[in-house]
Amino acid sequence: MNHHLIITPIFHLQIMLPVATLKRPPPPAATCSIYSFSRGTPSLVSKARLSTAAVGGMKNEPSPNHYSDISSSDLNLTRRSGNYGPTMWDFEYIQSIHNDYTEKKYMNRLNKLKEEMKKMIMAEGSQELEKLELIDNLQRLGVSYHFKHEIMQILSSIKQHSTPADSLYATALKFRLFREYGFHISQEIFGGLSETHTEDTKGMLYLYEASFLATEGESELEKARNWTEKHLREYLENKNDDQNVAELVHHALELPLHWRMLRIEARWFINFYKKKQDMIPLLLELAILDFNIVQAAHIEDLKYVARWWKETCLAENLPFARDRLVENFFWTIGVNFLPQYGYFRRIETKVNALVTTIDDVYDVFGTMDELQCFTHAFQRWNIDELDNLPDNMKMCYFALDNFINEVAGDAFEEHRVPILSYLRNAWTDLCKAYLREAKWYFSKYIPTMEEYMDNAWISISAPVILVHAYFLVANPVNKEVLHYLENYHDIIRWSALILRLANDLGTSSEELKRGDVPKSIQCYMNEKKVSEEEARQHIRLLISETWKKLNEAHNVAAHPFPKMFVKCAMNLARMAQCMYQHGDGHGHGDLNSETTNHIMALLFESIPPA
């Protein structure tokens, strides 16, 4: 299906579909219902959620009395501007999209291909390496979720009967797949194998990819990553005959597979797989058809959240805030693309949209007095705190209050577990973290790295996102897990930290131009008296080290969370790497950005049949 871009005078992005597939139903009426709010039951749980440092400050931070002197009368009441551009995505166009892959005939064909593929996967006589390569292809093509039982059966059999491989490539592939699927495997499997295969480019590539599944203390994998990267870069600098291997090497050095957003990787690998000499036509047809069917499901989710967003009228009434509904939806595909989780994507898109809006209230709109009152309203969940606030800030409060009561009501109906207090606590923590950053801004205070990091992993909003995610994927909701959830288990903390650091690498320059509070790069520069490039290198190292911690948290068999929740936490970190790899992929709304290209490829451009 070919698509052509046309830019309208108001910078809306439109895609011209073939006339036969384009249907334009009248868009639904957008009625602002924001003041028709429900007042939820007050939380019965009251407890300190943030650390003492996050609430009261570190020893070098200005005292609360210092902040109390900052009043509206002391400030220039001219509101700041984030200088955000308008949304590129047209509401009527989104509602008009018709995707043929919703038709039953495509699902029937997919089911037939799946049955044929299962027979191929479980065929007798295949060698161990052939089975591992097939699993790898299934995974990178984005269709392994259809064959979870078969894959686990094969890997379990290999685990029980496997003999040491004499190939660096086979050993590295086995290591990566075992770790990805939760099987214990030691770094000792490589022994001295790696040092003797410097001419094996494919083996070095797969060892390089495997090294990113290391946990803390696995020094041999760290060494392997360093020397394989050196050899792979030298390989690209020299002329080579195998263009497929060169393309894989370039792709890996740009961003390792373990850090990549799954759906973008699937789209890229489908195009790569077409060119392989050993390509399996059945598997290629399955991957393309599955991609297009899943894309059709995502479009229906996007239509739903676009209607919701228009009905809130937040974009019209808060023009200072980023109107990034499609980008907010894109995040949810990265966290959980599976077609059966449409409710997850719809709710998490609302979370993302509200986070973005409230973040901009704190960053570019509110005065110190207003933000204090705004935060108190969220701490007490009491509308009386809103009396002296501008109407658009009241709208934010009502929109969020409506939303979390809706989510809590749905969860209680399904699980008979009251979750309102957990949702409220997570949002309160976020607003308190935003307020602390606002205090730093208004007092022109540059926090230490420790002060900044203590607050920033919460202000990046990952805890809010993942608290909601648990209630959206857990079935049943386990009351014993809620303690780990509300205290932000390491799985949440490390995912949040990667999101924060990746965000800082991609956005700090632009945010400083707007006058925002310093980010980790500037805090480190100020504290250590180093250059910006040295600070950026330090942040990249922190990201790498945090991935090791997240890998460890993922691998610990004793963690209390369902596998799907852990995958969501891992995928949120991957999505951060994707969104901020080439700058601010969330806030800019740039037509030519990588984010726009990714959104086009995942949502609006079907893959033609092979």
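Glycine residues also receive a Cβ, built from the backbone N, Cα and C atoms like all the rest.
The (2E)-geranyl diphosphate site in Swiss-Prot is built from ASP359, ASP363, ARG500, ASN503 plus one of ARG307, ARG322, ARG540, namely ARG322. Taking DSSP states H, G and I as helix and E and B as strand, the motif 'DDXXD motif' (359-363) has 5 helix, 0 strand, 0 coil.
Around the Cβ of ARG500 ((2E)-geranyl diphosphate binding site), the number of neighbouring Cβ atoms within 10 Å comes to 27. When the Cα atoms are compared, ARG500 ((2E)-geranyl diphosphate binding site) and THR507 (Mg(2+) 3 binding site) turn out to be 10 Å apart.
Taking each of the binding-site residues ASN503, THR507 in turn and counting other Cβ atoms within 10 Å of its Cβ gives the largest count for ASN503.
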